[in-house]
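Novice: Take a look at what TrEMBL says about it:
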TRANSMEM  B:6-29  transmembrane segment
TRANSMEM  B:36-58  transmembrane segment
TRANSMEM  B:70-92  transmembrane segment
TRANSMEM  B:99-117  transmembrane segment
TRANSMEM  B:155-174  transmembrane segment
TRANSMEM  B:204-223  transmembrane segment
TRANSMEM  B:284-303  transmembrane segment
Amino acid sequence: MKLIKDTAVKLAIPLIAIFFGFFAGAIIMLASGNNPIAGYAALIDGVIGDAYVFGETLRMMTPLIFSGIAVAFAFRTGLLNIGVEGQLIVGWLASVVVGIVFDLPMVIHLPLAILAGAIAGGIWGFLPGILKARFQVHEVIVTIMLNYVALHVSNHVIRNYMLASGQRTDFISPTASLTSDFLAGLTDFSRMHWGFFLAIAACVIMWFILWKTTKGYELRAAGFNPNASSYAGMNVKTNIVLSMVISGAFAGIGGAMEGLGTYGFIQILSSFTNLGFDGIAVALLGGSTSIGIFLAAFLFGGLKIGAANMQAGANVAPELVEIVIALIIFFVASSYLIRLILNRLQSKKEGK
Amino acid sequence: MDIISILNLIIPTAIFAATPLIFTALGGLFSERAGVVNIGLEGLMVMGAFSGIVFTLLFESLGFGAASPWVALVMAMLIGAIFSLFHAVASITFRADQIVSGVALNFLAVGLTVFLTREIFGRGQTDYISERIFRENILFLSDIPVVGNWFFSNIYPTSIVSLVFVLVVWYVVFKTPFGLRLRSVGEHPMAADTMGIKVNRMKYIAVMLSGALGGIGGAVYAITTSANFSGGTIAGQGFMALAALIFGKWNPLGVLGAALFFGFAQSLSLSAQQIPALANVPQVYLLIAPYVLTILALAGFVGKAEGPKAIGKAYEKGSR
């Protein structure tokens, strides 16, 4: 009986947080002289209104799923990977480099380009992992710093070695591309690409690694209680490094999705893509589960795509969705508050 | 080009670039010394930059003249302190993960300020302010040969204020009962509680101080450097302030040194083209230097950086 109740509370927290987030967004719209109903109607219309925007939403979901998985995977091992942003950027760069430089048949070229993204992201995740395992350096600060290193190094490489016109690299060769005329045709020429199905596969892979393999059990054990798992004879240090590498690899593939699917190039980035930081929101709202991440990525991806229509359809500044997303994170993170409210309601009911 | 003229070029730029970092990192120092990680410094700077510009514009139109940016700095300080309450309430009262809450604060700051900018100005950036804070010579001190040139002539008054703040914060944190309580809360909250210190109240005060100083830091940057506000005005300065805090080992004087050093690296990356010895060094090395050095410092290669003991944990009364 208690188990059912716990599951119900776990499901209720993100739903209540989403409700609070949108409710606060409505208040902000009211306070700034906009009509919240018209605003949200335009938002929803901008997500599922026609085939094009829906295709774009699925396209937007793709890197968000990967960055969400990256954050969640590390989180399951008790690590907070704020460096998904940087790992994603180096993965993006590496996949584009392989996509441009090599001349191979598609069966080899495309997997190789994705693998390059995974390896680059994995290396970028290895650094904070080894520093944590070897020198007990907190991974949060290292990953934040590495984000900036990734940004500047990537820009340096593009500017000095691969610059084409328009502050970006050349297009990748078609043999390394994830774009699909079939999917684009299906969705009224949106930029949806095959990566979406890779993202679904990644959700399954994450679930499989964590819940169906011995190593995954060890990783989760290290997250629950590093001392106990060390006492049980597991090598916690190796697991920390491994977890960061896998996490970074997922993030790197997320970057490859942008490089090989959405854009086909990488540009000089004047600031972060924010895809990695959004991954934190996705993982948190999704409760670090595969299905949760998929649904959360749909919500946030939809919000980001629908925001444009909010501007066009209801004259609400698109940044409103950023506010809503931030508030949802606050409310999920403050689940203590929601538990408190739920408990109060519960005890009141029992009192009657 | 001789060494003196190179230093003439670099030192004032370094101090100028370091000033917002000093303010913000001092804010982070209060919060982290009380055991609350503040990844949200970036967001607090964004909020400060926005308020600094908007209130300068407002006070200009009200006829405050040259005093406008200074009054706006005070407003940015207040708004930063109020805005930091999001972080305080979530992470202290509701025991949210401090890092997650800080990340959310950054999101919220960017979303809210750009949203308001669009609502007020009808586009993605504010108007330019006309009353800026300018470089000035300090009486008498600027006449000192060489050194006067570097530190006291052509310097922003805000830089001088930031140096004063360093000394004040050092005194408050290490020489007053308040500072002792602050540090005890960050090192061992249970012991502090036993001695009758209100742990969560101290944490609230500390986080609000970080908001106030972060607000000033952002406003100083906006008023002296960009003169307007848009979503890209603050791009990483808050995280660099966090780096300065760690590289400076959570000590105000260390923070000053670290911020000056990061400012130095930044100004080198900007003016390297004019210096023959550095013209051939790729700019990227100077750009990533602050971040790489912080990582090395944490790993213990450049002197071990160890934070307050109880950092990152919410305090629950009666828990062990």
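A Cβ is built for glycine as well, from the same backbone N, Cα and C atoms used for every other residue.
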Novice: Near the transmembrane segment (B:70-92), which same-chain residues lie under 8 Å Cβ to Cβ, leaving out any that are not at least 6 residues past its ends?
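Specialist: Cβ under 8 Å, 6 or more out: 36, 38, 40, 43-44, 47-49, 51-56, 58-59, 64, 98, 101-102, 104-105, 108-109, 133, 158, 200, 203-204, 207-216, 218-220, 223, 314-315.
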Novice: Does the transmembrane segment (B:99-117) come close to the transmembrane segment (B:6-29), meaning at least 3 CB pairs under 8 Å for residues 6 or more apart?
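Specialist: By the criterion, they do not touch.
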Novice: Sequence-remote contacts (6 or more beyond its ends) of the transmembrane segment (B:99-117), Cβ cut-off under 8 Å?
Specialist: 37-40, 42-44, 46-47, 49-50, 83-84, 86-87, 90-91, 123-126, 229-231, 238, 312
